[in-house]
Amino acid sequence: MKTWALMDRLLMLLIPMAGKKEAPSRGHRAWAEINLTHLRHNAAELKRVLPPQSRIMAVVKANAYGHGSLEAARELSREGIAHFAVAEIGEGIALRKHGVRGDILVLGYTSPERAPELARYRLTQTMVSREYGEALNAYGVKLNVHVKIDTGMNRLGVPCHDPHSIMACYRFSHLNVTGTFSHLSMSDSLGQAETRFTQQQLDRFELAIGQLREAGIDPGLVHIQSSYGILNYPEVSCDLVRPGIALYGLLSREEDEVRTKADLRPVLSLRSVVTQVKEVKAGDPVGYGRNFIPSCDLRIATVSIGYADGIPRSLSEHGGYVLIRGQRARIVGSICMDQLTVNVTSIAGVRQGDPVTLIGQDGAETITAGQIAARCGTVANEILSRLGSRLERVYRYD
Ligand SMILES: *Cc1c(COP(=O)(O)O)cnc(C)c1O
């Protein structure tokens, strides 16, 4: 860790945050405020709805959905979580280099030639197919692996209808199988056909696990549920569950119905500042392409955050707004790479340096990542995971 980053962390600990509604900008152009109390709360809430033997494997891929994988993993470790999942080997190595302990599962494919790195950083690799297991084993490096079984998603995994290949995955001399898992592709939907499909996936998984046990093979830690799998099928009893988005306090789509009521609290707020305020006359164009031409005189505020920070460019056309002084200010004109413009005509006293909320609460108003996702035709997962590396991350407890 760079010295200044260390200083920053120390300072954070020293600044008393108790009772403060909002972190100060401390000179940042744009920043994500991460409420670690909420992260812990969400983990505890998920544990509450699960059978007692189901432990959490926290999914911290893609920089923990934009929240900072290192800080998220550290905080969750303090909550007693000892299993983490990442998408790729680089993410796992970064966690180890910063001292994260416990099991780290690489969910995706890793080129077999990187077997020595998997071993060196004690990462558990997903065996995505029998052939992949052969290639990995051929490197002659002792590794822990979880076997992935494809129960119907048709993405990664050994096909569940091929028990012969599944069993072969447990017999590689250098690969120590410590877990077996699958992934549900429709657990977010409670429709009849969708529920039937999910039940079929669950049944196929159970059958495969049963076949292994009958053959005297230990499948290790068994897991199949991600966030929606937990919330819609909490009764499924596995050793591990793999929540991502729910840990961060959200559903992928805000309007989704789930069978389990859990009190999930959004962890991330996204803020920036007003960098200039100006009067624009009716008919005067604002921004690139003269895409916004007001029909009456307006006051426009420029905000120092843009699409390179993860604000979808299409948000402007889809009625997006921000919060300034507790009030809504509509985004106008094209969102730029590093800046955007908002209409503050009806908000009194807006001036340079005012904090701007893009996600989160300001006074009585709140904007959620889910609302932005809905406007832009995507899921909250995409909005969060695309938040740029250029954003400062400010960690707090409330
Ligand atoms: C990303 C991912 C998860 C977490 O999914 P959420 O829907 O965010 O809970 C779990 N398992 C696998 C295999 C994943 O790729």
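Even glycines carry a Cβ here, placed using N, Cα and C.
Listed in TrEMBL for this protein:
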| type | residues | note |
| --- | --- | --- |
| ACT_SITE | LYS61 | active site, proton acceptor |
| MOD_RES | LYS61 | N6-(pyridoxal phosphate)lysine |
| BINDING | ARG155, MET337 | substrate binding site |
| DOMAIN | 267-396 | domain 'Alanine racemase C-terminal' |
| ACT_SITE | TYR288 | active site, proton acceptor |
In the chain carrying LYS61 (active site, proton acceptor), residues 6 or more apart in sequence that have Cβ under 8 angstroms from it:
SER69, ALA85, VAL86, ALA87, GLU88, GLU91, LEU107, GLY244
Helix, strand or coil for MET337 (substrate binding site)? Use DSSP.
coil
Anything from the recorded positions ARG155, TYR288, MET337 with its Cβ under 6 A from ligand 1? List those in sequence order.
none
Three-state secondary structure of ARG155 (substrate binding site) from DSSP?
coil
What count of other C-beta atoms do you get within 10 angstroms of the C-beta of TYR288 (active site, proton acceptor), across all chains shown?
11
Counting by DSSP secondary structure, give me helix, strand and coil numbers for the domain 'Alanine racemase C-terminal' (267-396).
22 helix, 51 strand, 57 coil
How many whole Å apart are the CA atoms of TYR288 (active site, proton acceptor) and MET337 (substrate binding site)?
11
Segment confidence, the domain 'Alanine racemase C-terminal' (267-396), expressed as mean pLDDT:
98
Secondary structure at LYS61 (active site, proton acceptor), reduced by DSSP to three states:
helix
